[in-house]
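Everything below concerns the one structure shown next.
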Amino acid sequence: MKIKLVVVGKLKEKYLKDGIAEYVKRMGTMLPLEIIELADEKIPDNASEKEAEALKKREGDKILSRIQTGDKLAILAIQGKLMSSEELADFVKKAEVYGTGNLVFVIGGSLGLSDEVYKRSDLQISFGRMTLPHQLMRLVLVEQIYRAQMINRGSAYHK
């Protein structure tokens with residue numbers, strides 16, 4: 001099994017790239033992490049609700065094209081389930097032991113995720129009700145994936 005992180009938008013800030021690279025390096029071959037960046041749709045100024053939904057659908061189609069049949073899909077959503085690091089570790093462990101494909105985490109674009117992505121998801125995770133920049137959220141998620149692996153291996157990293 002591999003863990004994939006499918007994200008809408010490019011990472012621009014060097015300090016975030018460096019932080020993510022550090023955690024990816026630490027994971028090494030334990031449970032490889034692949035990050036797939038998808039181009040975000042350009043949102044016109046004063047976009048109508050219909051235009052915004054069409055953009056979300058296009059981004060959703062791009063996301064779903066990266067998900068395979070046996071993959072376990074976890075999406076980040078404000079209204080999702082609040083989880084502790086231990087609960088996330090348990091989810092990762094179960095996907096590793098019982099899964100038939102890869103474990104895929106998704107961070108959508110600034111408009112959110114399409115209904116189709118929500119319907120395909122196996123788990124909706126919330127990191128709280130606060131709004132965070134998607135680029136920062138990527139670093140936080142990668143750290144939590146690393147932490148989950150350390151918990152599952154009994155490492156002292158998680159105290």
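The backbone N, Cα and C atoms fix where each Cβ goes, and this holds for glycine too.
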GLY108, PHE127, GLY128, ARG129, MET130, THR131, LEU132 bind S-adenosyl-L-methionine per Swiss-Prot; candidate in LEU73, LEU76 listed for that same site: LEU76
Chain-internal residues near GLY108 (S-adenosyl-L-methionine binding site), provided their CB is under 8 angstroms and they sit 6+ positions away: VAL8, LYS56, GLU59, GLY60, ILE63, ILE75, LEU76, VAL117, HIS134
